[in-house]
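Presented below is the structure to which this report refers.
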Amino acid sequence: MDAHGARGNPFEVAGSCQLRGDYQHCGADYRVEQDYARYTAADHALWRRLYARQAQLIERYAAPAFIDGVRALDMADAIPRFDRVNTLLHRATGWQLVAVPGLIPNDVFFGYLSRREFPVSVWLRREDEFDYLVEPDIFHDFFGHVPLLSNPVFADYLQAYGAQGRIAVDLDAVEPMSRLYWYMVEFGLIRTPQGLRAFGAGILSSGSETAYCIESPQPHRIAFNLERVMQTAYRIDTFQQTYFVLDRFDQLFESTRGDLRERLLRISAQAPIAATQVQADDQVISRGQWPVVVSSLDSGPMVTDLQGAPQ
Ligand SMILES: C[C@H](O)[C@H](O)[C@H]1CNc2nc(N)[nH]c(=O)c2N1
Ligand SMILES: N[C@@H](Cc1ccccc1)C(=O)O
Ligand SMILES: [Fe+2]
């Protein structure tokens, strides 16, 4: 089966995209066995190093709901077994993990989400991709996405998103939905009483982007607006140039309610906004809006936004 699939995938770059996974043994829905025996001692050791590094970073940079999800999972010591996690996850929010070779076409992906099934790649990145890699591997898919699947509001959102995504595929108006997924599920930020925090999986599986998205003055940080997000192009092979910021997770849930068809068709027909641009009516969120207090903790200077963040 052609890994690119007739329906393409978001990582198709100029007609050639070397997908990393083994697509030779997957069915029409791209399912494979996790085949736990395939993982070597070196794989588990790399997993432990990736986990230890991110577990330390998320205390400072991740949304509390994400941290709670990580703590509920037992994945510090080895690559997790999907079947064991599924028992817990199904009981928590009705979600199940499905092993896939890697990226899968949009319509198959949305189909899974609409049934509360989350596709998780089975291959693990190389040592030299410790800080960042372009394609989603098992560490990105599992460490980045699974913690929030145990959060009821987020779990409901993701299923509603999948159902809307299937409508977008039928309309051939997928791009706005892909952008919404990218800027929220993969690279979303959220305001908390402790200040700006990340909840996007693409941020939290990357050791380098986790600090960058909060600390760097370079990227734009813009308050979430559904139309604006759906219209904004993105890069898949570098840190994001724009991050969108929620006040509350249920803004996401609200955004998938109702009939999006007119909006999807209209936005699909418009020229996208470049990720480097700021629009006149953007609510730009800069650190300056929240007086920043640096309080030294035993773990070194901690940047905290104490005033101004919404309660
Ligand atoms: C929603 C959007 O199309 C997005 O890029 C999808 C496409 N296919 C995928 N396939 C897998 N396995 N994992 C993903 O995160 C995605 N992302
Ligand atoms: N860049 C992420 C992986 C990722 C791939 C595709 C989409 C989002 C994130 C990392 O290094 O962990
Ligand atoms: Fe992802």
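Glycine is treated like the rest: Cβ placed from N, Cα and C.
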His140, His145 bind Fe cation in TrEMBL, but which of Glu59, Glu186, Glu215, Glu227 does that record place at the same site?
Glu186
Spatial neighbours of His145 (Fe cation binding site) that are distant in sequence (at least 6 apart) but have CB under 8 A:
Phe118, Val120, Val185, Ala201
If I restrict to non-local contacts, at least six residues apart, and a C-beta distance under 8 angstroms, what lies near Glu186 (Fe cation binding site) in its own chain?
Gly200, Ala201, Gly202, Ile203
Please average pLDDT over the domain 'Biopterin-dependent aromatic amino acid hydroxylase family profile' (1-309) for the predicted structure.
89
